Amino acid sequence: MNSAFFEELKARGLVYQVTDEEALQKQLNEESVKLYIGFDPTADSLHIGHLLPILMLRRFQQNGHVPIALVGGGTGMIGDPSFKDAERSLNTLDTVKAWSESIKGQLSRFIDFEDEKNPAILANNYDWLGELSLIDFLRDVGKNFTINYMMSKESVKRRIETGISYTEFAYQLLQAYDFLKLYETEGCLLQLGGSDQWGNITSGIELLRREQEVQGFGLTMPLITKADGTKFGKTEGNAVWLDAEKTSPYEFYQFWINTDDRDVVKFLKYFTFLTLDEIATIEEEFTANPGQRAAQKALAKEVTTLVHGEAAYHQAVKISEALFSGDIQSLTAEEIKQGFKDVPTYEVQPEDQLSLVDLLVTSKIEPSKRQAREDVQNGAIYVNGERRQDLAAELTETDKIEGQFTVIRRGKKKYFLLKY
């Protein structure tokens with residue numbers, strides 16, 4: 001095993017809290033350790049808030065350990081109260097099952113379930129929680145924990161004033177039971193999670209100690225914060241998903257390329273597999289010439305390639321460059337769809353007049369014919385990146401990209417899409 005591995009995790013800032021660090025380091029240095037992270041299905045896709053823990057599993061696997069990705073098919077039906085301000089809405093079994101299947105597919109893009117030496121393991125806690133009777137749960141799990149112990153957890157304390165249901169109160173015991181089951185079936189000794197999971201993780205370690213008389217370990221990663229105070233993982237209020245159908249590779253790339261200067265080096269350490277020496281070199285270049293955004297470009301390249309593949313990364317760069325230069329005609333219809341997903345779109349009807357001035361008004365790009373004429377004459381209207389100043393101009397087949405789209409720009413930055 002790589003004895004420097006744990007030190008590198010710390011150097012990257014990936015270790016927030018750890019139980020018995022010395023004993024854990026010894027274990028990691030001496031043998032291949034089985035470890036797990038749980039992913040509760042709360043939607044049909046994982047998002048970039050899950051990326052740090054997923055990549056932690058990958059880091060451990062690359063260093064000879066065996067990662068277990070636990071899909072919370074059972075716990076996902078209840079909802080973890082950890083540092084949530086309100087009770088979660090409950091999802092149906094069919095919904096959670098469908099979400100669990102989607103998540104399984106996504107995880108296999110990051111960790112190797114076929115590796116010859118240390119293949120990753122995929123588990124679903126519905127397999128045991130779905131069969132667990134209330135009597136068995138109270139007898140085998142509940143008896144090991146006092147109410148005082150459970151109430152002492154910070155995640156529970158924060159909800160006492162506003163109210164917490166017994167269902168969510170008992171969540172930490174279900175997560176503790178997961179750790180016990182994974183120890184019994186797989187020999188798993190280490191649980192990883194975000195810093196909000198510390199209370200749940202230590203409950204699992206306590207259950208292992210009481211039921212099996214073994215020492216389990218817990219390690220948490222830091223809560224990801226952004227220098228500007230906004231929530232990590234959201235762009236304009238929307239989650240950034242790992243599923244290309246929900247967040248296009250172009251949007252994904254844009255999220256990373258727009259990283260704040262104050263966050264970018266930290267994110268290179270968190271989210272890429274560049275060595276610390278490589279990151280230090282990028283940091284030097286970035287510090288010397290921040291306007292070139294070398295660090296943001298490296299971050300966006302590494303993470304987009306990791307999640308969506310090299311072809312999607314190159315496509316995202318092509319779209320970005322075309323939008324910056326105005327060379328819209330170099331884009332395919334698929335690239336137009338990605339790059340202009342969020343701009344106002346008008347579906348051109350068969351009866352619509354195809355004169356430029358008329359279409360500008362019909363599509364509500366312009367409020368009136370007078371304003372449309374004025375903007376055309378003044379050179380403020382662009383069709384697929386080309387300025388059009390002819391008041392009698394009509395849109396022709398050559399203005400339709402692959403027969404599907406025409407991109408209109410008004411002024412410097414206002415984009416609109418005509419769809420055929």
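Positions of Cβ are set from backbone N, Cα and C atoms, glycine also.
Some features that Swiss-Prot has for this protein:
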- Tyr36, Tyr171, Gln175: L-tyrosine binding site (BINDING)
- 41-50: motif ''HIGH' region' (MOTIF)
- 231-235: motif ''KMSKS' region' (MOTIF)
- Lys234: ATP binding site (BINDING)
- 354-420: domain 'S4 RNA-binding' (DOMAIN)
Largest inter-residue Cα distance among Tyr36, Tyr171, Gln175 [record-listed L-tyrosine binders, Å]: 17
The domain 'S4 RNA-binding' (354-420): DSSP-derived helix, strand, coil residue counts: 19 helix, 20 strand, 28 coil
Same-chain residues at least 6 beyond the ends of the motif ''HIGH' region' (41-50) whose Cβ lies under 8 Å from its Cβ atoms: 71-73, 76, 79, 91, 96, 98-100, 102-103, 106-107, 224, 232-233, 239-243, 246, 255
Three-state secondary structure, which DSSP defines for Tyr171 (L-tyrosine binding site): helix
